[in-house]
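Swiss-Prot annotations:
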ACT_SITE  Ser87  active site, phosphoserine intermediate
BINDING   Gly13, Leu14, Ser15, Gly16, Ala17, Gly18, Lys19, Ser20  ATP binding site
Amino acid sequence: MSAARGAVIWMTGLSGAGKSTLANALHLRLKEAGQAAIVLDGDVLRRGLNADLGFTPEDRTENLRRVAHVAALFMQQGFVVIAAVISPEHRHRRAAREIVGEGFVEVFVNAPLQVCEARDAKGLYARARRGEIAHFTGISDPFEAPLAADLVIETDRMPVNEGVDRLLAHLVTMGRVSG
């Protein structure tokens, strides 16, 4: 499996939906196959590149703009970029698609809110419900579910390896990697 043209897999979903788990599993499979790949994890980027940003609507927009530009740069070098970012609004995902262009794949990593809360080892949802965390997506700020995602992976119903298989099949069908 080698890069035909690279791609950006833009994983969107609530905190705890399984974006990072799926992203890391896909990354491993791509690397094992000799494919240049990188994970851009929203949590990691917020501790580094985007450490100057908060969670206001303006800061979220800027955070995702930066992620999209970095993703596009890697894709142009033949990488499969796996961006695991909440990107809660339709406009954020549209803007990312416009920045990246051809090769953008929107993946809705979906799990019910109750499942996401049950998976939350850090207790962020509980803190948000107590009002200790402002602008928390899914609690005090809305999450706009994608209306036309390229793929939907329901992590409460599908094992990780099956989700990875679906993602790889989609990339092959698109001609972004060879099978």
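Backbone N, Cα and C atoms are what each Cβ position is placed from, and that goes for glycine too.
What you are looking at is a predicted structure, and each value in this text was computed from that prediction instead of being measured.
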Output, ordered by sequence, the same-chain residues six or more apart from Ala17 (ATP binding site) with a CB under 8 Å from its CB, or 'none'. Val109, Asn110, Ala111, Val115, Cys116, Thr155
For the ATP site (Gly13, Leu14, Ser15, Gly16, Ala17, Gly18, Lys19, Ser20), what does the 8 A shell look like? I mean other same-chain residues with CB within 8 A of the CB centroid. Ala84, Ile86, Val109, Ala111, Cys116, Arg119, Thr155
In whole Å, how far does the CA atom of Gly13 (ATP binding site) lie from that of Ser87 (active site, phosphoserine intermediate)? 7
Residues with Cβ closer than 8 Å to the Cβ of Ser87 (active site, phosphoserine intermediate), same chain and 6+ apart in sequence? Trp10, Thr12, Leu64, Arg93, Ala96
Among the binding-site residues Ser15, Ser20, point out the residue whose Cβ has the most other Cβ atoms within 10 Å, with all shown protein chains included in the count. Ser15
Which number gives the other C-beta atoms within 10 angstroms of the C-beta of Gly13 (ATP binding site), all protein chains shown included? 29
Those residues of the chain, 6+ apart, with a Cβ under 8 Å from that of Lys19 (ATP binding site): Met11, Thr12, Gly13, Gly42, Ala84, Val85, Ile86, Val109
Counting all other Cβ atoms within 10 Å across every protein chain shown, which of the binding-site residues Gly16, Gly18 scores highest? Gly18
